[in-house]
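Trainee: Structure in structure tokens, see below.
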Amino acid sequence: MNTLFIADLHLSAQEPAITAGFLRFLRQDAIHADALYILGDLFEAWIGDDDPEPLHGEIAAALKALQQAGVPCYFIHGNRDFLVGKRFARTSGMQLLPEEQVLDLYGRKILILHGDTLCTDDQAYQQFRRKVHNPLIQKLFLAMPLRWRLKIAAKMRARSQQSNQYKSDSIMDVNPQAVEQAMLRHKVHWMIHGHTHRPAVHELALSNGKAHRVVLGAWHVEGSMIKVSADAVELIQFPF
């Protein structure tokens, strides 16, 4: 018995090898799990559930097949695909979760999240995040014609890539105080997240005892997953 976690696949039509690797992962690994949790940035970009991109339908069908095989799939939005909505969730069989969720798995209480909210030193990003998560702004954006949304998304990605070139690694990583506050607030000693693309297992000393923060890697040249069982919490990097 085990539960699997993944994040930061950044699927797109331009990276067919990653898509193939993900579909293989669903068939060979996820199919044997108690559940699959996707902690954001499954897609490189998401401009609305009405986008007719064929890749989206292919991924939805594969996730639906997983659900129909008896493996539930849960999704937390990332900074790239925060507009994934109820329509895609229904089509894919995924269950949408809030940005922070506490799980009780095999005797461990684990806080799961995408991870971008922990990067509080990057004030410019946090300000941008507050804007794009405003329900009114999202409603206005989704009401635009698809071609407008495509252009806006492309400009935003280019601007983000340019901005990140001038940011230090420390600013783009999690803030230790933000991590501790989140774990104390939820009364947990385990945290799993993605976003930073820095796979590692961190041992922490909180005010209420020892804790662990496990970070998923991005799917670039290899896959990354966390396997939680009654015996262990394992970070696993694997070839496509």
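The count begins at 1 with the first shown residue.
Note: Cβ is positioned from N, Cα and C throughout, glycine not excepted.
These came from Swiss-Prot, pasted as-is:
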BINDING   D8, H10, D41, H197  Mn(2+) 1 binding site
BINDING   D41, N79, H114, H195  Mn(2+) 2 binding site
BINDING   N79, R80, D122, S160, N164, K167, H195  substrate binding site
Trainee: Only counting partners 6 or more residues apart, tell me which same-chain residues put their Cβ under 8 Å from the Cβ of R80 (substrate binding site).
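Mentor: Spatial neighbours, sequence-distant, of R80 (substrate binding site): H10, G40, D41, F43, E44, A45, W46.
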Trainee: Taking just the CA atoms, what is the gap between D122 (substrate binding site) and H195 (Mn(2+) 2 binding site) in Å?
Mentor: 13
Trainee: Near H195 (Mn(2+) 2 binding site), which binding-site residues out of D8, S160, N164 have their CA within 10 Å?
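Mentor: Near H195 (Mn(2+) 2 binding site), where near means Cα within 10 Å, the binding-site residues are D8.
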Trainee: What is the one among the binding-site residues D8, D41, D122 whose Cβ has the most other Cβ atoms less than or equal to 10 Å away?
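Mentor: When each Cβ's neighbours within 10 Å are tallied, D41 tops the list.
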Trainee: May I ask which of the binding-site residues D8, S160, N164, H197 is closest to H114 (Mn(2+) 2 binding site) if we compare their C-alpha atoms?
Mentor: D8
Trainee: Inside 8 A of the center formed by the CB atoms of D41, N79, H114, H195, which other residues of the chain have their CB, for the recorded Mn(2+) 2 site?
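Mentor: Surrounding the site, in chain order, are A7, D8, L39, G40, H77, G78, R80, G115, D116, G194.
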Trainee: Taking 10 A as the limit, how many CB atoms besides its own sit near the CB of N79 (Mn(2+) 2 binding site)?
Mentor: 20
Trainee: Using the centroid of the Cβ atoms of D8, H10, D41, H197 as reference, list every other same-chain residue with Cβ within 8 Å of it (recorded Mn(2+) 1 site), in sequence order.
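Mentor: Near the Mn(2+) 1 site, beyond D8, H10, D41, H197, sit A7, L9, G40, G78, R80, G194, H195, A218, W219.
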Trainee: Give the distance between the Cα atoms of H197 (Mn(2+) 1 binding site) and S160 (substrate binding site), rounded to the nearest whole Å.
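Mentor: A Cα-Cα distance of 16 Å.
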Trainee: Using DSSP reduced to three states, classify S160 (substrate binding site) as helix, strand or coil.
Mentor: helix
